[in-house]
Amino acid sequence: MTHQTHACHMVNPSPWPLTGALSGLLMTSGLIMWFHFNSTTLLMLGLTTNMLTMYQWWRDVIRESTFQGHHTPNVQKGLRYGMILFIISEVLFFTGFFWAFYHSSLAPTPELGGCWPPTGIHPLNPLEVPLLNTSVLLASGVSITWAHHSLMEGNRNHMLQALFITIALGVYFTLLQASEYYEAPFTISDGVYGSTFFVATGFHGLHVIIGSTFLIVCFFRQLKFHFTSSHHFGFEAAAWYWHFVDVVWLFLYVSIYWWGS
């Protein structure tokens, strides 16, 4: 039997990177098939294999960290750096959308009517559903902080209550955003305004759905006593991600909904 004399986690060979890459190929190919041939078969296959890969890969990570004790303080430090770099990459991702928006709105071309919003576009009222959405996300930021502090203090019931409230607010935000899209007087094909609006807010909405899923997993893990007051990086990463989603929305609200209208 070999003995490990270092604090690093030497990961066992895994099929999930390969199946993840193949499912990504299927999804992107499926998107092209959907756009050009109106066939969703390949896309659904890609999504299904992607979901199965994520479930099994994260199941393995939970097993290694919670039940096998491989996530030493040294490993957790590396995971924290990884999460920070991931969030930085997401910031740069959204920077591109803001750049496109400000490039188009600060110096509107004659094709847009020389004004912003472009001629013929009726923007959404920033003091109606968008303001409610802002309040909902800010409240969820407070409740996720409450959950984090409750976890660090060992108060299990308060942590579960606060986490449930955060998830409920995240789902409520998604439903509000969907209703707003349904009732919007413009579409993604309405020039540069429609493109920048729906791509920026749509990708943010996707991040809210991902963040809500992340928190739901944390909720069930907490029910199974996976987290302790000193060992809960999975939840900590979800909280960081949720705060990032909050901050991006504030920039979206001020830029696109309020100033841009």
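Numbers here mean position along the shown chain, with the first residue as 1.
Note: Cβ is positioned from N, Cα and C throughout, glycine not excepted.
Positions annotated as topological domain 'Mitochondrial matrix' by Swiss-Prot: 1-15 (among others).
The transmembrane segment annotation in Swiss-Prot covers 16-34 (among others).
The feature topological domain 'Mitochondrial intermembrane' is assigned by Swiss-Prot to 35-40 (among others).
Sequence annotations record features per position, and here Swiss-Prot assigns transmembrane segment to 41-66 (among others) based on similarity to another entry. Distant neighbours of the transmembrane segment (41-66): 9, 11, 14, 16, 19-20, 22-31, 33-34, 217, 221, 226, 233-234; these residues of the same chain sit at least 6 beyond its ends, with a Cβ under 8 Å from one of its Cβ atoms.
Secondary structure of the topological domain 'Mitochondrial matrix' (67-72) per DSSP, as helix, strand and coil residue counts: 1 helix, 0 strand, 5 coil. According to Swiss-Prot, the topological domain 'Mitochondrial matrix' annotation covers 67-72 (among others), on the basis of similarity to another entry.
Sequence-remote contacts of a segment are chain residues at least 6 beyond its ends whose Cβ falls under 8 Å from one of its Cβ atoms, and for the transmembrane segment (73-105) they are 7-9, 112, 116, 192-193, 195-196, 199-200, 203-204, 207, 233, 236-237, 240-241, 244, 248, 251, 255-256, 260. The transmembrane segment annotation in Swiss-Prot covers 73-105 (among others), and the record cites similarity to another entry as its basis.
Long-range neighbours of the topological domain 'Mitochondrial intermembrane' (106-128) within the same chain, counting only residues 6 or more positions beyond its ends whose Cβ lies under 8 Å from a Cβ of the stretch, are 180, 184-186, 190-194, 253, 257-258, 260-261. Annotation source Swiss-Prot lists topological domain 'Mitochondrial intermembrane' at 106-128 (among others).
Summarising the annotation, Swiss-Prot assigns transmembrane segment to 129-152 (among others) and lists similarity to another entry as the type of evidence.
Taken from Swiss-Prot, the feature transmembrane segment covers 156-183 (among others).
Annotated topological domain 'Mitochondrial intermembrane' per Swiss-Prot: 184-190 (among others), in sequence order, evidence recorded as similarity to another entry. Shown for the topological domain 'Mitochondrial intermembrane' (184-190): DSSP residue counts in helix, strand and coil, namely 0 helix, 0 strand, 7 coil.
Sequence annotations record features per position, and here Swiss-Prot assigns transmembrane segment to 191-223 (among others).
The topological domain 'Mitochondrial matrix' annotation in Swiss-Prot covers 224-232 (among others) and is backed by similarity to another entry. Long-range Cβ contacts of the topological domain 'Mitochondrial matrix' (224-232) within its own chain (Cβ-Cβ under 8 Å, at least 6 residues beyond either end) map to 62, 66, 71, 151-154, 218.
Marked as transmembrane segment by Swiss-Prot on the basis of similarity to another entry: 233-256 (among others). Using a Cβ-Cβ cut-off under 8 Å and counting only residues 6 or more beyond its ends in the same chain, the transmembrane segment (233-256) has close neighbours at 62, 65, 71, 76, 79-80, 83-84, 87, 90-91, 94, 98, 101-102, 126, 130-131, 133-134, 137-138, 140-141, 144-145, 147-148, 151, 166, 170, 196-197, 200-201, 204, 207-208, 210-211, 214-215, 217-218, 221-222, 226-227.
Here the topological domain 'Mitochondrial intermembrane' (257-261) has Cβ contacts under 8 Å with residues 101, 105, 116-117, 123-126, 130, 197 of the same chain, all six or more residues outside its ends. What Swiss-Prot records for 257-261 (among others) is topological domain 'Mitochondrial intermembrane', and it gives similarity to another entry as the kind of evidence.
Across the range of the topological domain 'Mitochondrial intermembrane' (106-128), the DSSP-based residue counts are 4 helix, 0 strand, 19 coil. For the transmembrane segment (129-152), the list of distant contacts is 158-159, 162-163, 165-166, 169-170, 172-173, 176-177, 179-180, 208, 215, 222, 227, 229, 232, 235-236, 239, 242-243, 245-246, 249-250, 253, 257-258: same-chain residues at least six beyond its ends, Cβ to Cβ under 8 Å. Computed over the topological domain 'Mitochondrial matrix' (1-15), the whole-number mean pLDDT of the model equals 74.
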